[in-house]
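Asks: As listed in TrEMBL for this protein:
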- 18-321: domain 'DUS-like FMN-binding' (DOMAIN)
- Pro20, Met21, Ala22, Gln74, Lys146, His176, Ala231, Arg232: FMN binding site (BINDING)
- Cys107: active site, proton donor (ACT_SITE)
Amino acid sequence: MSWPLSDLAPAGRVPVVLAPMAGVNDVMYRSICVEMGADLTFTEMVSSKALSFANEKTRRLLDTAPNELHVGVQLFGHEPDTMAREAAWVEDSLGEKLVCIDVNMGCPARKIIKKGDGSALLNTPDVAQQIVRQIKSQVSCPVTVKFRKGFAAGEDVACDFAKRMEDAGADWMTVHGRTTAQMYSGDADWDVLGRVKRSVSVPVIGNGDIKRGEDARAMVDATGVDGVMIARGAQGNPWIFPEAAAALAGEPAPAEPTDEERVAMARRHASMLDGYMGNTIVYMRKHVMWYLRGVPGVREARGALNSCVTMDDFNRVLDKILVDAADVRAREAAYRAAPGR
Ligand SMILES: Cc1cc2nc3c(=O)[nH]c(=O)nc-3n(C[C@H](O)[C@H](O)[C@H](O)COP(=O)(O)O)c2cc1C
């Protein structure tokens with residue numbers, strides 16, 4: 001099965017993609033993002049080496065949700081043979097749902113780059129090309145790459161690297177406009193996205209600093225990219241997918257989620273995971289703080305949230321957060337309505 005990137009979104013609008021995020025993109029969160037309108041979701045990065053040892057925990061990262069009909073699997077590693085063999089295994093396992101095998105060439109984490117994986121591949125473009133060629137020879141789905149602007153501070157190798165990936169057979173590519181040295185700091189350079197787009201003839205997805213729906217539109221207008229990918233802007237914020245789709249289609253922005261909707265989404269995510277994953281409540285801590293961003297009183301409730309052990313504790317703390325938030329909102333409204341304001 002081959003999915004052209006442009007077929008993933010309704011005609012006339014570019015696809016809006018959930019970025020791979022290690023430790024964040026569990027299967028239920030991805031399912032929620034699909035429900036909210038993500039056109040394509042990525043698994044978190046999956047170690048090709050661990051897959052080659054049939055590691056059960058690693059294999060579970062490839063679980064997909066029933067509504068997740070378009071999923072990209074991202075592999076990391078540096079051994080072309082291993083990566084190609086495991087890519088073929090992934091393709092067999094996921095079947096028609098698999099949109100692409102993506103190769104991680106952007107991870108800046110020390111433990112990853114010291115082995116020559118992730119963004120270290122920017123420094124070994126021959127190996128990167130070999131990985132793409134060998135995976136291409138073993139799978140029939142598109143093979144894609146995700147990389148950064150450069151490795152060292154100030155370095156910009158993106159256009160040359162993109163051409164080499166295209167020569168090796170990459171079907172499309174995602175570019176994040178930061179160097180490895182920057183990690184996630186500073187602003188993403190969108191200019192480089194436009195330059196890569198003009199340098200290659202395969203589709204290019206732009207990534208970096210899409211925090212609101214309008215940013216997706218601004219990125220496409222500024223760079224001409226064929227798709228947009230959102231990472232941190234989607235943490236606890238699956239509402240960004242309908243926002244981005246509306247902005248890209250030139251439609252009015254949907255209403256912002258209410259406090260109740262934010263709490264309901266956190267509860268739903270937790271209850272979907274309960275039974276699927278051990279220690280759900282501990283895992284959910286970061287997600288819940290993201291879902292509840294902007295809800296009054298949430299910072300003060302952090303300690304209570306972090307001490308929850310059971311789903312009942314979790315739901316009780318959320319009930320209290322909602323009651324307190326409603327109280328703050330009522331006082332705010334009364335203040336605004338007071339005579340003389
Ligand atoms: C918690 C976290 C985990 C990430 N894990 C991955 C990963 O597994 N694979 C990958 O290619 N990029 C990963 N990234 C990078 C993002 O996919 C994305 O390129 C980067 O955050 C820039 O996009 P943003 O500005 O929309 O966040 C991760 C980023 C974050 C914040």
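Including glycine, each Cβ sits where the backbone N, Cα and C put it.
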Asks: Provide, as an integer number of angstrom, the distance between the C-alpha atoms of Lys146 (FMN binding site) and Cys107 (active site, proton donor).
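Replies: Cα of Lys146 (FMN binding site) to Cα of Cys107 (active site, proton donor) measures 9 Å after rounding.
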Asks: Within the domain 'DUS-like FMN-binding' (18-321) only, compute the mean pLDDT.
Replies: 97
Asks: State which of the following binding-site residues has the fewest other Cβ atoms within 10 Å around its Cβ: Lys146, His176, Arg232.
Replies: Arg232
Asks: Going by DSSP, is His176 (FMN binding site) sitting in a helix, a strand, or coil?
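Replies: Going by the DSSP assignment, His176 (FMN binding site) falls within a strand, counted as strand.
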Asks: Using all protein chains in view, find how many other C-beta atoms are within 10 Å of the C-beta of Cys107 (active site, proton donor).
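Replies: Excluding its own Cβ, Cys107 (active site, proton donor) sees 23 Cβ atoms within 10 Å.
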Asks: Cα distance, the residue listed as 'active site, proton donor' to Pro20 (FMN binding site), nearest Å?
Replies: 10
Asks: Counting across all protein chains present, how many other Cβ atoms fall within 10 Å of the Cβ of Gln74 (FMN binding site)?
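Replies: The Cβ of Gln74 (FMN binding site) has 26 Cβ neighbours within 10 Å.
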Asks: Rank the binding-site residues Met21, Ala22, Ala231 by how many other Cβ atoms lie within 10 Å of each Cβ and give me the one with the fewest.
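Replies: Taking Met21, Ala22, Ala231 as the binding-site residues, the minimal 10 Å Cβ count falls on Ala22.
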Asks: Among all protein chains shown, how many Cβ atoms are found within 10 Å of the Cβ of Pro20 (FMN binding site), not counting that one?
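Replies: For Pro20 (FMN binding site), the count of other Cβ atoms within 10 Å is 25.
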